[in-house]
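Beneath this line is the structure, given in structure tokens, with notes to follow.
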Amino acid sequence: MRPRVDSSWIDVVVGDNRTFVVRDHGQLRHVVSELPDPGHQYPMLSIFIGRREKDITLQVLFPHNNIRRSRSTSSIGLRADILTAETEAPVLFADGDLVAGARYLSNPPRTTDHTVAWGSLPAQKALRMVYSRLLFTFADLVCIFGDDYPDLIDVAQFLVDCVKAPPVCGLPITARPRVVVLVQGHPGSSQTNGVEINFFKKLGEADITQVSQWFSAVNLIHLDHQATGSTKYERLKSWIRKYRHETQATRQECWARYNALHLEAFFASAVSSLASCTEASFDFVLATRQGLPVTPGLSHHISQYLEVGSQARCKLDTLLSTIASALLMDHYIPGMPCKLVVPSLVPLSLFSISAFLGSPSFSFPHQQITSRSDWPSGKSFVLFLCSKLGVQFWSRGLFFIPCTDKPPIRLSVASVASETKNLWATPSHNWSQDSHELGPVQSDRVCLYCLVRPAQHSLACHHAVCDICPQLFGTPASYEEYQFTMPLCLLCLSRATLVVNVLPPTMNPTILAIDGGGVRGGIPLEFLLLIQEYLGPDCKIQDVVDLSVGSSSGGLIVLGLNAMGWDVPKCSDVFDRLARRVFSQRRQPAISWVFHLILGRDSILGNTAKWLSWLLHDSCYDASVFDTCLREAFGEQRRIFDAVSHGSSPQLNSRSRFGVVAATIAKETKSFVFGNFNAVDWFSKERSYELFRAKCASSEPSLWEVARATAAAPFYFSTAYLRDIGTFQDGGLQDNFAAGIARRISRRIWPSRPGIARLISMGTGKVESSPERSPHYRHVFYDSFLRRGFDAWMSNLDTHSKWLHMMDEVDDRIKEDYLRFDVSLKDIPSAIDNAEAMDDYRNLVILQPGSSRMARQAATALLIARFFFVVDKLPREEPSGPQIRYHGSIRCKGPTMPVLEALLRLHSQEMEFVTDTTTLGKFQGRDDICASCKRYCKPLSVVVGHPDEVFNVYLRVDRHERWRISGFPSKNGPKRLRGRSRQGNEPVLC
């Protein structure tokens, strides 16, 4: 005898506080998992409501399912038709009753409870609400057995109550479910006619428009009560079969199909939506973006694009067409049910009207819009945008958008296509027609390909793109993860190769933060030389760092390493030569020199003349010498947002992010960060610091100007004036502790990352604390305000106390990922312009006990942070219990072979991947490199007790040392570990 299979699906139970709980038994998840190809199967859901007659009919309609042995213990059950389970359109059927007693809360395994906010409702009404607001949303057919209820008027009243609620959004009317009420009797008899009239009369109390928005049709079908056996239901079976074929064709024609995986995800979203609110209707379009909401600040992006477009004298019609295309491309992300909604309805359903209300007034050369009153506003603007989208989309004949693994892309700025590279020669391709208009449009704030994300990478033509578009329009590198090559600018058609490195979705950033300190910048440089020695010549420190931030002299080092692409030895050499030249001699006017010559070296008149000259020039060193040195070191043409070129190669590289800190000279001193990135919320002004980004490339400051601004230390150098931007002074005045502001910047660049993989903080020397207490009395000269102010500023260079404060705030579990490099200055003068002591500062690092060990430890930490975990397929529950197993692989970001060789050189003994409780597998170095894709790929499986369980994966290098690999810990594992798809350019899964 076959065991009984429980088909329980949905229940409405009473909780502890006499409130209702919608309980999901996970039956839909189980049914979907049993389908052979759920990603390419499009289920049809039928709902049967009744009692005895319903059970008899189900046995006839689905004879192979053994209905009696798979009955549900819950209010509503769910099964899959065995005969159609392997077809493209498998039939799922749910059954239940409209009347149910209150079930009280218990704790069966593998169920999910959703506490509802419905207030006090009878149990029967709550159950009917689940039918109407949840199950009918996904149903194709609803069969109600009228003979199982005392009166058809009750059935009609149920339908009337259903249509009073707001209908589902995002599905066309023709895709709504059809209701069939089954009754026994001959259709011509007077008794039957009377019942039928009363049924439709009651149904007529509902507004006909509301009924049509809920149901495609409502029919009353009579079963021959004189027939016996299966012949009684032949007419019903034939009708249902015909209706299903018609529904399949209708759904495909009107973009209303979703596969089994989509159905499972939509249903989970609908349950949560119903539990939280009974008034709002379920919106399919909004549900497709659950977890991926519309980009924050979309109105700012569109406003910025319209502004730069108008300045470039681009037609308004062209700009609006590109906006419409961009919104459509952003909506249809990989894995989405792309045949769910008509594209022209997407902006109205998804993008709120408020997203388009911030557009200022612009003057267009072909269509003058000179005032806000002339601009289409509110819903009119959205409707205008939708009309542009519809005309653009359908007029080109591109009406097919693929599902699942091939997302649509925008081949021209005003068209949508379904293939990436093989449609370049089609008639719809009109880049050459649009390039003369779109080529002059430039913005360093907004990605000009998608318009919905901030710009992060600049091409040689100064058109900028985000992190996602290179993954869509570029070519993946053969040997490196998340590296893409863009050989062509799609806006102006210029050919200049740009290589883009993108931080993987499951990888946390590694940060290098270098404090300021004038000539004491040799201290962090000496530490960097030690770390680079352990990394080896083939693995540059820039390749294992994702964000570098520096202030003052630290800013100069960051610019040299990242903006110029120097290796550490060259950066160290340039810094030494620059510092010795700039600080060689303080400014001394001729008259001061004469007084000293006549009256002696300590002449008051000579010193007074010198100090007066410093005051008038706002510096004690000649700023023109500093400017000349910076021009020679960084060049005059290279700008802060430009990509890096290597030698004579025409290829540009957009690698790790970097930023340098300067301070304003306003009354309320504020930090300005100049870098090669944009924050996701670049438009936000409510910050203690400002991330500067010019509107276009021509307004970006040069590297040497930024270097001058970050190192313009008061008293030593005059302020730095940056044209059209402002006047700045040394960044160390406000944020000399670079690690503090670097953490805040990282959260704005990668807000989806839960933390930091590694943070390397480098100081410029600690001054020994004086044991003497604060004096009781102020000395008239020695304790003057000049001395006190100068000492207070110099003490700001000692950032050790700020490091300790930050570590007090960091979670104890991740403190090991934060590393600090600093030395005590001992009896060496702490002045920032003492160039003669530069060698002494470097010797402090070399002679400090443990410096080499710390550098080796940092090199190991940086290398292991390059590894990240990726879930290759959705997790499934273990058959032996409630545990969940993740099947994935560990990948390596950056140059694979140099990273592996450096790690093996540092740790020749056996290493292994472990969690907090178990060993996952051995680290086999080169043997883990895939032979086909040449990338590091270590297949692993991790077992956890619950999907939200936080777990860590480490690489253990010896018995007492292990380092967490990037991307952990993380909650909601499968959602974040898989990350957002790379828009069709997935890495090879080995």
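Backbone N, Cα and C atoms are what each Cβ position is placed from, and that goes for glycine too.
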The annotated motif 'GXGXXG' range in TrEMBL, which must be one of 66-71, 288-293, 516-521, 924-929: 516-521
Which of these ranges is annotated motif 'GXSXG' in TrEMBL: 185-189, 550-554, 770-774, 875-879? 550-554
Using a Cβ-Cβ cut-off of under 8 Å, list the residues of the same chain that are 6+ residues beyond the ends of the motif 'GXGXXG' (516-521) and lie near it. 550-557, 575, 579, 583, 710-711, 713, 716, 730-732, 736, 738, 763-765, 797, 825, 830-835, 837-838, 841
Of all the active-site residues given, Ser552, Asp730, which residue's CB has the most CB neighbours within 10 A? Ser552
Looking only at C-alpha atoms, tell me how far Ser552 (active site, nucleophile) is from Asp730 (active site, proton acceptor), rounded to the nearest Å. 6
Secondary structure at Asp730 (active site, proton acceptor) (DSSP, helix/strand/coil)? strand
Mind checking how the motif 'GXGXXG' (516-521) divides into helix, strand and coil residues in DSSP? 4 helix, 0 strand, 2 coil
Between 0 and 100, where does the mean pLDDT of the motif 'GXSXG' (550-554) sit? 96
